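Read through the structure below, which is laid out as structure tokens, and then see the notes.
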Amino acid sequence: MLLVRCTLNHIFIESRIRNGHFRRREKNSSSGDVKKWKSDRVYIDKHGKWRIFDHKKMSRKRCGSLRGQGWKYGSGFVDGIFPVLSPVAHQILNFVRKEVDPNNVWAALDTLPVTHETWDDLINVAVQLRLNKQWDPIALICQWILYKSSFQTDVMCYNLLIDAYGQKSLYKKAEETYVDLLQARCIPTEDTYALLIKAYCACGLLAKAEAAFVDMRKYGLPPSAIVYNAYIDGLMKAGNPQRAIEIFQRLKNDGCQPSTDTYTLLINLHGKASQSYMALKLFNEMRSQKCRPDICTYTALVNAFAREGLCEKAEEIFEQMQEDKLEPDVYTYNALMEAYSRAGFPYGAAEIFSLMRHMGCEPDRASYNIMVDAYGRAGLHEDAQAVFNEMKRLGITPTMKSHMLLLCAYSRARNVDKCEEIVNQMSESGLEPDTFVLNSMMHLYGRLGQFEKMEEVLTAMEKGPYEADISTYNILINIYGRAGFFERMEGIFQSLPSKNLKPDVVTWTSRLGAYSRKKLYARCLEIFEEMIDAGCHPDGGTAKVLLSACSSEDQIEQVTTVIRTMHKGMEAALPA
């Protein structure tokens, strides 16, 4: 036993090790307190002074440093430290990426020694795979650790496995993994429930997601911002934004403090719904709550204004971000470029593009796509082509979207030959034209009155691997309606149920438009009535078409009454 004396107290250190810890007994002259310290956090330096270090910031070479604490949902590693792979970990990573047979993977993992180093290597590999969204290899590694190896079960592995299953919408397997976690007497964490709730949301199982909240409280874990964020994110990705807004309100009603990520998610939600005023309201609320916006928050808000072409507001937020000492990244610059593009100012977008390069921020593929689109929207197809060529010259491979944006640029210029050339280039590059590309070509042929070519594209879509969707038939109904071919238009409309397609508001409005141009008011009212009976809600475009069918003051008054009634309740939106 070592005895250290000082003027204030006597400290006795006993070299007792129990379960990987040693116990430090400290007896103060005025107190008999006893404290326990972990052996990897306390040491005496060469000067004989006590030192404490943070094991999270130590080298990953330490044995078992990742057990139970290394991986956190949503952030890779604690403190933002990402995996540093050892040579063995690199071999494991390369092997599991190539091998798809589970038995071969598990047989190879069986040859690894059961050591702390192996544990660290496996977790590092799993997290690296997660960064690359390779869910199947993650599942194989975690299954082996939990069910086939002699490693002690750990909640982190269960969480990684639940995450992998959730990302693939395998909610039943995620649920089984959660049950296994409880049966193994592991204590679920807030990450466990966050990932489980996301898995349920991805499959539209909101009742089960709610039940997870009940389970959480049963284990003494009140729902935190992390869990609410996962719920909101899951609902947004599942296409249920209204429910996501309700969960945000519940978060605040439960007295849970929204985090930066919470506000960023909601700003994104309203931005995608073209509700920039609501996004700005949330941003101001965030700042009033002393919640500091990060680069993602500012980018989301710039994007919200960009979608509506409000370039002045977008630039104002961009400047405010810089005043807050946040350096814009490529995503922020892209969002600002998008604002100028949608507002119809391609040269404004070009200035931002030049500024980005001047500030040392390298444009990515999305940056070039935005510039192609900006010039294309403004009818500057030659400039769009120049940007496209520059992208290829720099070694950035154009994607399907890149080709589509260039195709749209030439389509606006009604240059059929160039559009056909782009489609052929796509095929030569190994990019098979999809439904959107073929719809664009069909629309171009229709606008130019080349109905035979338009029908050829339709036949190819109906017989080939390309799936014709409701947008395909909306184009046909609109084109034939404008040309006055009512019989062909009605034939296409009546064929939709046999194709398992339901007419949407664009379908009905295009059909109404055909008769509206001929001032066939009575026929328009009949179709409008059919539309309401079919459960399709009219929009502003429908109202304009109805008004354009009017040829007298009485008809205008009647339609105006109908439009006003539509706002009160769609069921009563029929003319008297």
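Note: Cβ is positioned from N, Cα and C throughout, glycine not excepted.
Look at TrEMBL and you will find 154-188 (among others) tagged as repeat 'PPR'.
Marked as repeat 'PPR' by TrEMBL: 189-223 (among others). Confidence annotation: the repeat 'PPR' (189-223) carries a mean pLDDT of 86 in the model.
Residues or ranges marked as repeat 'PPR' by TrEMBL: 224-258 (among others). Away from its own ends, the repeat 'PPR' (224-258) comes close to residues 73-74, 190-191, 193-195, 197-204, 206, 209, 213, 216, 265-266, 268-269, 272-273, 286, 289, 291 of its chain (Cβ-Cβ under 8 Å, at least six residues beyond either end).
The repeat 'PPR' feature in TrEMBL is assigned to 259-293 (among others).
Residues 260-261, 263-264, 267-268, 270-272, 274-276, 279-280, 283, 286, 335-336, 338-340, 342-345, 348, 356, 359, 361 of the same chain sit 6 or more residues outside the repeat 'PPR' (294-328) yet have a Cβ under 8 Å from a Cβ within it. Taken from TrEMBL, the feature repeat 'PPR' covers 294-328 (among others).
Summarising the annotation, TrEMBL assigns repeat 'PPR' to 329-363 (among others). Long-range contacts of the repeat 'PPR' (329-363) within its own chain (CB-CB distance under 8 A, at least 6 residues past either end) are made by residues 295, 298-299, 302-303, 305-311, 314-315, 318, 321, 370-371, 373-375, 377-378, 380, 383.
What TrEMBL records for 349-474 is domain 'PROP1-like PPR'.
For the repeat 'PPR' (364-398), DSSP puts the residue distribution at 26 helix, 0 strand, 9 coil. Summarising the annotation, TrEMBL assigns repeat 'PPR' to 364-398 (among others).
Sequence-distant neighbours of the repeat 'PPR' (399-433) (same chain, 6+ residues past either end, Cβ-Cβ under 8 Å): 365, 368-369, 372-373, 375-377, 379-381, 384-385, 388, 391, 440-441, 443-445, 447-448, 450, 465-466. The feature repeat 'PPR' is assigned by TrEMBL to 399-433 (among others).
With helix defined as DSSP H, G or I and strand as E or B, the repeat 'PPR' (434-468) counts 26 helix, 0 strand, 9 coil. Per TrEMBL, repeat 'PPR' is recorded for 434-468 (among others).
For 469-503 (among others), the entry in TrEMBL reads repeat 'PPR'.
Taken from TrEMBL, the feature repeat 'PPR' applies to 504-538 (among others).
Note on the repeat 'PPR' (259-293): residues 74, 225-226, 228-229, 232-233, 236, 241, 244-245, 248, 251, 300-301, 303-305, 307-308, 310, 313, 321, 324 of its chain, located 6 or more positions outside it, place their CB under 8 angstroms from a CB of the stretch. For the repeat 'PPR' (364-398), the list of distant contacts is 330, 333-334, 337-338, 340-342, 344-346, 349-350, 353, 356, 405-406, 408-410, 412-413, 415, 418, 429: same-chain residues at least six beyond its ends, Cβ to Cβ under 8 Å.
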